[in-house]
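Visitor: The active site annotation in TrEMBL covers Glu211. Among the features that TrEMBL reports, Zn(2+) binding site is placed at His210, His214, His220. The domain 'Peptidase M12A' annotation in TrEMBL covers 117-313. Residues or ranges marked as domain 'MAM' by TrEMBL: 439-604.
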Amino acid sequence: MQYKATSSPRFLPSILEVKQVDKMKLLVLFAIFFLLGELDAKYKPKHLTDRLKKKLKKMKSAGGKIAAINEDVGMASRLYEGDIRVEPEELEKLKNKIKKIKKIKIKKLKSIIFKRNAMRNRVFVWRTKRIPYVFDADIVSAGTSNILSAMNIFATKTCIKWEPKTASDVKFVKFVKKDGCWSYVGKVGDSGGQELSVGDGCNYVPTILHEMMHAAGVNHEQSRPDRDEYVVINSANIMDGQEHNFQKVSPLSSDTFNLNYDYGSLMHYGKTDFSKNGQPTIQAKGDSNKALGQDNGMTELDIQKLNKLYDCDSPSSNAWSTWSSYGPCYLDSYSNKCVKMRQRFCTKEAVSQCPGASSNGVQNQFDETCTTCNGLVNGNWGSWSAWSTCSATCGGGTQQRTRSCDNPAPKNGGAKCAGTSSESQACNAQTCISSQVIHSCNFDGTTYPYSCGWQNGASNSVSPTESYYDWIETNEAASSTATGPSGDHTSGSGYFIIQTAYDLAPGSTGTYEKSGFQATSAACLDFWYHMKGANMGSLNVYVKTSSGSTKVWGVSGDKGSSWLNGKVTISSPVTYTIIFQAVRGSGTASDIALDDIKLSSLAC
């Protein structure tokens with residue numbers, strides 16, 4: 001074995017090839033990253049919408065809640081992977097790189113910023129295993145008890161200590177209360193305060209722990225280079241422009257520490273994060289129903305990851321950390337040899353106590369015994385395409401999707417992808433609608449018309465003095481067994497609409513309505529409702545025309561745990577609107593749900 005140790009800042013090769021860019025493209029690129037660097041400019045705090053607050057109560061992963069909050073306050077487009085902040089210091093590095101660039105895409109240029117990762121490059125760990133911090137005034141006003149609790153968890157579970165900044169600390173974390181929940185990844189730069197935002201909706205221990213793990217140098221679990229062995233990314237369901245949130249980190253930039261993939265990591269996305277249609281964007285291989293992520297706190301694997309990154313098993317008296325594992329072989333641009341590298345970092349404040357360390361306290365060691373940089377590469381499937389159009393609009397049809405073995409493609413004798421490149425499934429199994437049905441909606445996107453057209457009503461839909469709240473569409477069981485359904489009426493796993501009584505005053509109302517129904521002498525409104533709860537209120541149906549609203553149906557009180565059928569005949573000489581009104585009962589056990597609404601052209 002041949003080893004060479006160096007204290008020079010000799011880092012991993014660029015992950016991009018660079019080709020020429022004309023001056024106009026450079027100006028555009030500089031403008032984009034200047035705007036990213038000016039994230040703090042004209043800061044105006046935003047508050048969470050009531051609808052988001054209700055949505056957050058039903059979400060099960062810290063990563064999902066964080067992404068939803070950041071999207072709601074307008075931060076999503078300024079962050080990477082939902083909550084990772086770009087450091088302005090990277091802009092100068094990019095300017096230097098661009099001088100050598102011959103051809104580059106904006107998407108690839110952005111990736112230069114984020115491939116920096118403390119989990120391979122130890123320059124970005126807090127070497128002394130101590131992270132100094134300060135609180136800004138807004139954080140103090142909002143309350144620091146949850147942040148201090150999160151710091152205590154770090155102190156009891158790891159060797160990493162979050163301690164108040166002293167006069168001698170030139171580098172520290174500054175906790176701020178700005179729009180959203182976000183942090184940098186690892187220690188950024190050698191001086192000054194790097195911000196960690198605990199905005200509205202973020203001041204909960206699991207959320208704070210998630211951002212503090214970022215600040216300590218940990219990336220999201222699903223960005224691991226080996227993630228495709230464990231999860232499937234459903235690209236067809238990802239919101240436009242958010243695809244970058246599902247990129248993998250290069251093996252050159254990440255270290256898994258030989259730990260098992262952690263489906264339940266506090267750092268893992270939820271199944272529907274960044275979804276444009278409510279369908280899963282990420283699922284476990286072999287078990288599409290497996291839960292991903294959570295918001296209870298750090299898992300044992302999360303804790304092991306931090307302890308391995310910071311070499312917590314070594315005696316605190318050691319000046320040097322133990323050497324990291326070697327990364328993969330790569331072509332070194334300095335020696336033009338195929339090498340692999342490992343690192344160790346100085347744990348003492350004074351780098352002089354670690355002979356051979358560079359000015360940043362890290363030492364690199366290179367192994368030049370790699371025989372080739374073009375080793376065997378096994379094939380891996382790319383993402384599935386979107387499903388094709390169903391062969392039938394009702395009564396049962398089929399649809400297909402395909403994928404390619406290109407993530408990566410097999411090379412140098414590597415194995416081909418296992419499995420098939422295409423799949424088919426049944427679709428639109430619902431009964432075809434007869435000519436007597438005017439409207440039908442099951443909230444699953446499979447009935448005519450597919451958009452349904454129902455929406456939350458205004459505060460004066462029925463009475464100009466009513467207090468109102470929104471209904472929400474969901475496919476999740478109620479969080480409490482005391483009220484609400486365990487699934488929808490249609491299939492048990494589809495979508496339905498519900499008004500939740502939580503945080504509402506008794507007597508509060510919510511209306512759900514659809515307008516534009518034509519005049520009729522007799523039409524049958526047929527629907528299914530769920531009213532379980534000891535504090536149950538009322539569900540009413542109104543018909544509204546230009547002359548006013550008329551109540552045509554109503555029911556009150558606890559109706560048990562089953563879905564029940566409601567029917568009422570409607571007549572109107574003019575165009576009319578159908579309104580469902582829910583009235584909150586005396587307590588929180590009064591959730592009301594609706595599903596499978598149908599209007600037919602005959603009397604009931």
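Start at 1 and count along the chain as shown; that gives each residue its number.
Glycine residues also receive a Cβ, built from the backbone N, Cα and C atoms like all the rest.
All TrEMBL annotations are machine predictions without curation.
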Visitor: Three-state secondary structure of His210 (Zn(2+) binding site) from DSSP?
Guide: helix
Visitor: Please report the Cα separation of His220 (Zn(2+) binding site) and the residue listed as 'active site' in Å, rounded to an integer.
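Guide: Given the Cα positions, His220 (Zn(2+) binding site) is 10 Å from the residue listed as 'active site'.
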Visitor: Give the sequence-ordered list of residues that share a chain with His214 (Zn(2+) binding site), lie 6 or more positions from it, and have CB atoms under 8 Å from its CB.
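Guide: Correct list: Asp83, Ile84, Ser183, Tyr184, Val185.
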Visitor: Determine which residues of the same chain, besides His210, His214, His220, have their CB within 8 A of the center of the CB atoms at the recorded Zn(2+) site, and list them by sequence.
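Guide: For the Zn(2+) site the neighbour list reads Gly63, Ile66, Glu81, Asp83, Ile84, Ser183, Val185, Glu211, Met213, Val218, Asn219, Leu266, Met267.
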Visitor: Over all shown protein chains, what is the count of other CB atoms within 10 A of the CB belonging to His220 (Zn(2+) binding site)?
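Guide: Result for His220 (Zn(2+) binding site): 25 other Cβ atoms within 10 Å.
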Visitor: Are there residues of the same chain, six or more positions away from Glu211 (active site), whose CB falls under 8 angstroms from its CB, and which are they?
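Guide: The list for Glu211 (active site) reads Ile66, Asp83, Cys181, Trp182, Ser183, Leu196, Ser197, Val198, Cys202, given in order along the sequence.
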